[in-house]
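Now, the feature entries from TrEMBL:
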BINDING   C66, C67, C131, C161  [4Fe-4S] cluster binding site
DOMAIN    66-175  domain 'NADH:ubiquinone oxidoreductase-like 20kDa subunit'
Amino acid sequence: MSLLGTVQGLVDKANNPLPQGQVDDILRPAGENPLLEQGFLMTSSDILLNWARTGSMWPMTFGLACCAVEMMHAGASRLDLDRYGVVFRPSPRQSDVMIVAGTLVNKMAPALRKVYDQMPDPKWVISMGSCANGGGYYHYSYSVVRGCDRIVPVDIYVPGCPPTAEALVYGILQLQKKIRRASNFGENKTGLRDA
């Protein structure tokens, strides 16, 4: 056996370690192909799409009370949310994240829901502070909603009264981790796999 033949054989085995008869996964019809059931293409697409979403989160600020000051502090130069791809937007139609910061009262609840409904899908909600999480200090007041999760679905809760700007940054990082784990294809609105 010549040296050239040996090198060519090694190159062939490195590119295709299985015999030619066993490598037919791509050539099989869709009904018999186990790779299509595992979603090999969709997994790569999910990773790419989720990477893009985590790098360009645009929150709609819904500052209702003193927690909004800490939210502004998180966007200032010391913590600089821009380095995480977080850019505050003035319009719900340009946003994919809503940060509810402060006490939500019954009169403001329909406006919160309306703004949430105007946001394009996919959308996420961060509840910031004790008042937004569960009513906080004003929990037993007649006019306070006992948590914004009664009005909109909440993805991340940031505790504190008021929570620090660092806590909000940590909550945003947790939301980015949650987005990276999400599956975008093959699921319907309820989160269940399509049959």
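Positions of Cβ are set from backbone N, Cα and C atoms, glycine also.
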Cβ-centroid neighbourhood (8 Å) of the [4Fe-4S] cluster site, C66, C67, C131, C161 excluded: A65, A101, G102, T103, M128, G129, S130, A132, G136, G160, P162, P163
Spatial neighbours, same chain, of C66 ([4Fe-4S] cluster binding site) - Cβ under 8 Å, 6+ residues apart: G102, G129, P162
Cβ atoms near C131 ([4Fe-4S] cluster binding site) (within 10 Å, other residues, all chains): 29
Secondary structure content, the domain 'NADH:ubiquinone oxidoreductase-like 20kDa subunit' (66-175) (per DSSP, counts of residues): 48 helix, 16 strand, 46 coil
Least Cβ-crowded entry, counting other Cβ within 10 Å, from the binding-site residues listed as C67, C161: C161
Mean per-residue pLDDT computed across the domain 'NADH:ubiquinone oxidoreductase-like 20kDa subunit' (66-175): 88
